[in-house]
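Below: the structure, in structure tokens.
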Amino acid sequence: KIWIFHVFCAEEKLVENLASMSTRERIKAIQKMPETMKKKREIRNNVLREMTEKSGRRGTQLDCCTQCLRRTEVSFRRFRNSLSERFHQLWLWHKTLKIIGGEFGTSVLSYFIFLKWLLSFNIFSFLINFSFITVPQFIAAEPNNLSFTGLELLTGAGYFQQTALYYGFYTNATISKTENGASYNMQLAYIFTVGMYFVICLLILLISMAKSFCRNFINPQIYSGNASKLLCTWDFNITNEKAVKLKQKNLSTQIKESLSDVNKEVLNFSKQETLVHILIHLGVWAASLGTAVAACASVYFLSINNLKLFMEGHKNDLESQAAMLVLPIVASLLNVLIPFFYSWLGQLEKFQNPRNRTYVTIARNIILKISIIGILCYYWLDIVATSKSQCWETLIGQDIYRLILVDFIFCLLGSFFGEFLRRIIGTTVFVSLGMPEFDIARNVLDLIYAQTLTWIGILFSPLLPGIQMISFFIVFYVKKVSLMKNCQPPRQVWRAAQMTTFFMLLLFFPSLTGVLAVIAVTVWRLKPSEECGPFRGLSSMFAAVSEWIKILENYTGSKWVVWIYNNLITSELFFFILSTIFL
């Protein structure tokens, strides 16, 4: 009885102290209490009751208007918190990502977060390109006289050649609805829209990398403390049975991943075993690099032959359309089959840590894919751009369209043959194999490869991000269903919070930096086609900006723009300092 009396007195004193605080201090004090949500609500209600009784005893009754305002304020605060929670739950794939994280851990979850992140890039790119480039062009658009056969969906040629999908469709004239009305310079709109998009992408990527690096490398203990996960992570507001089980599974997986880093065993090898391991690693790297060189050589010679067939044009329509698909099919086959070979090589190396195996496999795949893209860029900028084609920019746009489309088809087929059939074989024919694991390295590099092609293609096909947006959306659901039905959780649980930072780094270098180099060469060095596109008749695409600056020199209010152009845009020193800071 004495103990109960002391507890009652302590609680009564706590309520009196809280009642004397300001509203903000009281809310913070209650939030910091190590109590359940039910107990916190009870304390808050007691405090409110105490404050009401005190005000009644003092005889300071609130008037009707003040009471209504206070009730409205409380109701609005509750409504705002409830609405914020609902919007958070309705955010794209919020629940799906929670389920994947609970079932398969952060390593597999990092792939889907990265895919969602890339989707946002393409949505943003499509919206600004459509708004500032495509919509104004519709005013000056000429009718399309070509017939639609359906093959254009695969080849990107034919009917699509005279649509807003490609560079050659856009005019070089200044668009105006009326003679004396406001005008719209398509040349400046085209180059500034593409340029500003890449500047924004660069800044977003750098900021995201910095945040992720700080969270996962500099201060990882703040975000992933084992004690805090075990004792302070549970949300007492959860009452739904499915939500409770999902939360339990998610916490269990996170704790297992954290403990795997602490409890990992370090094997001590003899000198002879160490030498054997080094020789195996060297042999595997030699095989992987040799395969990448052979793949690049085959893509280069095939692309040269493909251009000859296109320029000759002796074949009938059906054969020429089929010939256009040979290069993207071969490139996609190499990008699909060789990573499986790399995964098999990784098994021979017998890495002790699954994280190291994933990083090494990603490094080999990025060398392969970026090398193939590099060879294609050399082919486009050095051979196609100097060919006798009427509109070489549209020709490059069509090549990239076919590469993205065929890569998307092979991605879907890879989920079927690489995961579905593998599950059937592992559960019925060779039971010892079991169900496959989700190949993070191969799938992530497929995303980076597709996004790199999209970034290159923006200049030659402004609506290409819209196509990639649809494909990423479909890929998410296909991969999610394939993961749930065909794959098993990783046999070795390991924490992969740092992998998202690594994916962003790969997207920045060599992907985005390489794309910026290709765009810079195209804009500053290459001569545009004489008969198509917004820059026809100019010595280079950037010449449109130079001519605009000459006009601005006559206006006093635009001197600051001229100063930026003369001292920054045309300054080698500025770009050297900029590249040094970023790289």
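In case you wondered, yes, glycine gets a Cβ from its N, Cα and C as well.
Annotations in TrEMBL come from automatic prediction, not curation.
The shown structure was predicted, so the numbers you read here are calculated from the model rather than taken from an experiment.
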154-171, 424-441, 532-549 - the one TrEMBL records as transmembrane segment: 424-441
Annotated stretches the transmembrane segment (400-417) and the transmembrane segment (117-139) touching (3 or more Cβ pairs under 8 Å): no
PLDDT averaged over every residue in the domain 'TMC' (391-497): 86
Outside the transmembrane segment (322-345), six or more residues from its ends: residues with CB under 8 Å to it: 154-155, 157, 284, 287-288, 291-292, 295, 298-299, 302-303, 306, 309-310, 315, 361, 364-365, 368-369, 372, 376, 398-399, 402-403, 405-407, 409-410, 413-414, 418, 439, 441-442, 445-446, 449
Secondary structure content of the domain 'TMC' (391-497), with strand meaning DSSP E or B: 79 helix, 2 strand, 26 coil
Contact call for the transmembrane segment (278-302) against the transmembrane segment (188-207), three or more Cβ pairs under 8 Å: no
